[in-house]
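Here is what TrEMBL says about this protein:
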| type | residues | note |
| --- | --- | --- |
| TRANSMEM | 14-33 | transmembrane segment |
| TRANSMEM | 53-73 | transmembrane segment |
| TRANSMEM | 85-107 | transmembrane segment |
| TRANSMEM | 128-149 | transmembrane segment |
| TRANSMEM | 161-181 | transmembrane segment |
| TRANSMEM | 193-211 | transmembrane segment |
| TRANSMEM | 279-302 | transmembrane segment |
| TRANSMEM | 345-368 | transmembrane segment |
| TRANSMEM | 388-408 | transmembrane segment |
| TRANSMEM | 414-439 | transmembrane segment |
| TRANSMEM | 446-467 | transmembrane segment |
| TRANSMEM | 517-538 | transmembrane segment |
| COMPBIAS | 592-614 | compositional bias 'Basic and acidic residues' |
| REGION | 592-639 | region 'Disordered' |
Amino acid sequence: MGDVVQMHFSTPDYVIFALLLVASTCIGLFYALSGGRQRTTQEFLLADRSMSCLPVSLSLLATFQSAVAILGVPSEIYTYGTQYWFLGVSYFLGLLVPAHVFIPVFYRLRLTSAYEYLELRFNKTVRIMGTVTFIFQMVIYMGVVLYAPALALNAVTGFDLWGAVLAMGLVCTLYTTLGGLKAVIWTDVFQTIVMFAGQLAVIIVGAHQAGGMGEVWRKAINGSRIASLDLNPDPTERHTFWTLGVGGVFLMLALYGVNQAQVQRYLSSRTEREAVMSCYVVFPCQQVVLCLGCLMGLVMFARYGEDSPLDKGYVKTNDQASFCKDMVLYFVMDVFRDLPGLPGLFVACLFSGALSTISSAFNSLATVTMEDLIKPYCPTMTEAKATLLSKGLAFAYGLVCLAMAYTASHMGSVLQAALSIFGMVGGPLLGLFCLGMFFPWANSTGAIVGLVAGLVMAFWIGIGHFVSRMAVPTTLPPIINGTAMPLPSNMTTAESDQVPVCLSRPTGVQALYNLSYLWYSAHNSTTVVIVGLIVSLLTGPMKEKDLTPGTVYPVLGNLLFFLPECYREILCCVTPLPQKPKAIDTHPYQMARKESNGVSHPKEEEKTEETEREKDEDEETATPQPSCRLAHTLQETAL
């Protein structure tokens with residue numbers, strides 16, 4: 001990164017930033033020393049399934065509202081205008097589908113890790129593959145999310161780079177390790193409020209200095225920054241209504257439907273209804289966040305117009321992604337130049353985004369490692385040891401995050417490619433869950449081959465795009481409608497990579513490499529489903545009697561209601577989704593017996609257990625076991 005004009009923090013700025021870290025630590029200590037004191041894995045990993053709707057919804061909002069997104073959206077609006085605002089259209093289906101499809105299935109199965117579902121639906125191999133893919137995705141992502149805002153802050157204000165990285169990393173590791181998921185959720189609530197306050201302060205002060213919001217809007221119109229509806233169906237176009245409104249749905253499903261960090265919050269809710277309501281509450285919150293980011297971009301344009309700090313030499317960089325972050329921070333420091341304390345508020349807002357994201361990563365990584373990779377192979381582990389090991393895993397992932405941040409500092413131009421891995425891997429995981437949930441005849445072989453095919457396709461497109469972009473000369477900006485524009489940046493909510501704008505329309509493989517980043521999730525998840533179905537049909541589709549009850553959402557049964565039952569039975573479209581339980585602690589499906597340590601036993605063992613129960617019927621009559629009989633009755637009802 002090149003040299004920039006630096007503006008320095010005042011004492012009130014440092015105090016406000018320090019208060020953020022202290023408050024986050026205190027929340028973690030409070031939940032470490034109160035209630036059950038995090039003595040069970042149920043409390044540490046799932047907050048005792050006791051969370052209400054509001055904190056869960058704000059935590060859902062904060063989890064992927066990272067610092068990179070806070071800096072990226074205003075830069076996008078400043079450069080290209082308000083076309084990106086149409087992403088809000090995708091929030092409707094992107095949150096309704098998780099609320100009414102994914103949450104009922106996950107919640108009624110009483111899971112801890114989302115990848116337990118894959119073993120119940122397919123087999124243990126698919127579960128492990130999904131878990132390892134998720135770990136790879138999050139480990140790379142969290143280090144970059146921690147390092148990127150600290151780097152931008154250092155460039156603009158001279159704020160100590162590694163001081164900021166270490167402070168955030170250690171504080172986040174501390175409260176996540178001590179307070180568990182409950183501390184993570186409540187710190188997310190606090191940090192969400194700080195994020196709103198910081199962005200509102202920038203918009204209010206910046207709009208006032210520009211002459212009011214009316215003047216901001218007028219300058220945006222005169223500068224052609226208020227975009228009209230673009231219905232161009234070309235998938236290589238970076239942002240159109242279809243790209244944002246349709247491609248964005250798959251992006252939202254990958255984030256809010258099957259990502260462990262979000263699923264874990266749904267499962268921590270007191271009831272299924274509270275979990276569903278959290279999706280409804282997060283919808284207007286997402287719209288508000290999107291509006292704040294877009295308004296910041298318009299205020300920034302009203303202040304600088306076409307004469308950006310880059311053109312004036314105030315912000316000098318050879319890396320477009322770095323320019324985006326530096327540009328927004330320079331704007332904030334410029335607006336708050338004579339208002340001590342407010343720069344510190346925005347930096348607190350910025351790092352709240354980073355803290356909420358990486359704390360969620362620590363907790364979710366500890367959960368999947370414990371539930372999917374350790375407990376199944378240590379069935380005799382006591383609850384106390386499992387809880388202690390879970391805390392140790394959260395602490396270890398905190399150290400890994402710091403190590404990844406250090407690695408990111410030496411990645412140079414590869415940094416952006418590492419950031420885009422998050423978006424590339426999310427699509428295949430979404431496809432894997434959709435394959436199992438919506439297509440009853442999909443088998444484990446199809447799931448494995450489909451996931452591998454989806455990952456290969458994702459990295460082929462991603463790496464090919466990155467290499468082709470590096471080969472494009474960047475000394476001159478591309479021409480759009482005859483006007484020279486800055487190079488594009490896709491530092492958006494998905495933290496995806498940049499898509500170059502070519503003067504000539506790409507063809508062949510190059511067109512695939514130029515696919516808009518918002519179509520990545522849709523393309524890669526569709527690849528998993530199509531390949532998985534083909535392989536399943538070739539290797540012998542799964543029969544309805546072999547399905548674990550409750551693992552298939554009956555979408556096909558509802559859509560194909562007009563077919564005779566014999567044909568629907570061939571397509572495994574007969575079994576409905578069982579109704580939700582009346583009591584929170586009732587296991588409605590009883591699809592797999594789970595001991596206190598959370599190990600899922602194969603269906604064959606369950607059948608053996610039923611046979612033994614029938615043989616010991618006389619003994620059971622002499623010694624009644626209400627809980628066992630109730631579970632057995634519920635299972636028969638579900639079947």
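Backbone N, Cα and C define each Cβ position, glycine as well.
Cβ atoms under 8 Å from those of the transmembrane segment (517-538) belong to residues 235, 238-239, 243-244, 246-251, 253-254, 420, 423-424, 426-428, 430-432, 434-435, 439, 441-443, 445-447, 449-451, 453-455, 457-458, 461-462, 490, 494, 496-497, 499 of the same chain, restricted to positions at least 6 beyond its ends. Here the transmembrane segment (279-302) sits apart from the transmembrane segment (446-467); fewer than 3 CB pairs are under 8 Å, leaving out pairs fewer than 6 apart in sequence. The recorded stretches the transmembrane segment (446-467) and the transmembrane segment (128-149) share 3+ CB pairs below 8 A when only pairs 6 or more apart in sequence are counted, and are therefore in contact. Tertiary proximity for the transmembrane segment (128-149) is limited to same-chain residues at least six positions away from its ends with a CB under 8 Å from its CB atoms, namely 66-68, 71, 113, 115, 118, 165, 168-169, 259-261, 325, 350-351, 353-354, 357-358, 361-362, 364-365, 368-369, 372-373, 397, 400-409, 415, 418-419, 421-422, 425-426, 428-429, 432, 448, 451, 455, 495.
When each of the listed stretches 14-33, 85-107, 161-181 is scored by C-beta pairs under 8 angstroms to the transmembrane segment (388-408), 161-181 comes out highest.
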